[in-house]
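Reading through the structure tokens given below for one structure.
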Amino acid sequence: MQLNIPTWLTLFRVVLIPFFVLAFYLPFVWAPMVCAIIFVFAAATDWFDGFLARRWKQTTRFGAFLDPVADKVMVAIALVLVAEHYHVWWITLPAATMIAREIIISSLREWMAEIGKRSSVAVSWIGKVKTTAQMGSLVGLLWRPDHNIELASFVLLYIAAVLTFWSMFQYLNAAWKDLLEP
């Protein structure tokens, strides 16, 4: 298998994950900013790899598999770090909800693909808006430069949590008839 540039970008995103985790734990005043910058860079490759794969017609099965895995692992780890840092229920609850939703919907998509109905649970615009709010909130909550950005990040986290429920409901609703069949 020959790897193309979009797939290399996805692999690079996976490689960046331990670096933003390490930056998160560094005992320096600048560490949160470095952590957030690495996360922003990784999140940008999420958009850019898909854009290039479509533009250059270089979509591959491996890339189609790895891209969502890299995204979900990156976001789940960032949510765990944020929940650990704040150590309060009102951050942990939306973080846990978002992680649970990713597991549920990934399982649902896998099951729907097995029965030949993967398109019923294709990514929706709500999922894309949720991801944007989620990424924005995580950048601010990893960085924490001042109270205003932190507050805006909390708001974005809750917007992402609401969209998490909404999109999960939509996906489950789309698959409900198939889920209830014997």
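Each residue, glycine too, has its Cβ placed from N, Cα and C.
Confidence annotation: the topological domain 'Cytoplasmic' (1-12) carries a mean pLDDT of 90 in the model. Summarising the annotation, Swiss-Prot assigns topological domain 'Cytoplasmic' to 1-12 (among others) and lists sequence analysis as the type of evidence.
Per Swiss-Prot, the feature transmembrane segment maps to 13-37 (among others).
Within the topological domain 'Periplasmic' (38-60), the DSSP-based counts of helix, strand and coil residues read 18 helix, 0 strand, 5 coil. Per Swiss-Prot, the feature topological domain 'Periplasmic' maps to 38-60 (among others); the stated evidence is sequence analysis.
What Swiss-Prot lists as transmembrane segment is 61-81 (among others), and the listing cites sequence analysis. If one looks beyond the transmembrane segment (61-81) by at least 6 residues along the same chain, the residues whose Cβ comes under 8 Å of a Cβ in the stretch are 1, 3-4, 6-7, 10-11, 13-14, 16-17, 20-21, 24, 39, 42-43, 46, 49-50, 53, 95, 98-99, 102, 106, 131, 134-135, 138, 142.
Per Swiss-Prot, topological domain 'Cytoplasmic' is recorded for 82-86 (among others), and the stated evidence type is sequence analysis. Sequence-distant contacts of the topological domain 'Cytoplasmic' (82-86), counting only residues of its own chain at least 6 positions beyond either end whose CB sits under 8 Å from a CB of the stretch, comprise 24, 92, 95-96, 138, 141-142.
Annotation source Swiss-Prot lists transmembrane segment at 87-107 (among others).
Cβ atoms under 8 Å from those of the topological domain 'Periplasmic' (108-145) belong to residues 20, 24, 32-33, 35-36, 39-40, 43, 71, 75, 78-79, 81-82, 85-86, 91, 98, 152-157, 159-160, 163-164, 166-167, 170-172, 174-175, 178 of the same chain, restricted to positions at least 6 beyond its ends. Here Swiss-Prot flags 108-145 (among others) as topological domain 'Periplasmic', drawing on sequence analysis.
Look at Swiss-Prot and you will find 146-168 (among others) tagged as transmembrane segment, backed by sequence analysis.
The feature topological domain 'Cytoplasmic' is assigned by Swiss-Prot to 169-181 (among others), with sequence analysis given as support. Sequence-remote contacts of a segment are chain residues at least 6 beyond its ends whose Cβ falls under 8 Å from one of its Cβ atoms, and for the topological domain 'Cytoplasmic' (169-181) they are 104-105, 108, 111-112, 115, 117, 120-121, 124, 126.
DSSP labels the residues of the topological domain 'Cytoplasmic' (82-86) in these numbers: 5 helix, 0 strand, 0 coil. The DSSP breakdown of the topological domain 'Periplasmic' (108-145) into helical (H, G, I), extended (E, B) and coil residues amounts to 30 helix, 0 strand, 8 coil. Using a Cβ-Cβ cut-off under 8 Å and counting only residues 6 or more beyond its ends in the same chain, the topological domain 'Periplasmic' (38-60) has close neighbours at 1, 4-7, 9-10, 12-13, 16-17, 19-20, 23, 67, 70-71, 74, 78, 135, 138-139, 142.
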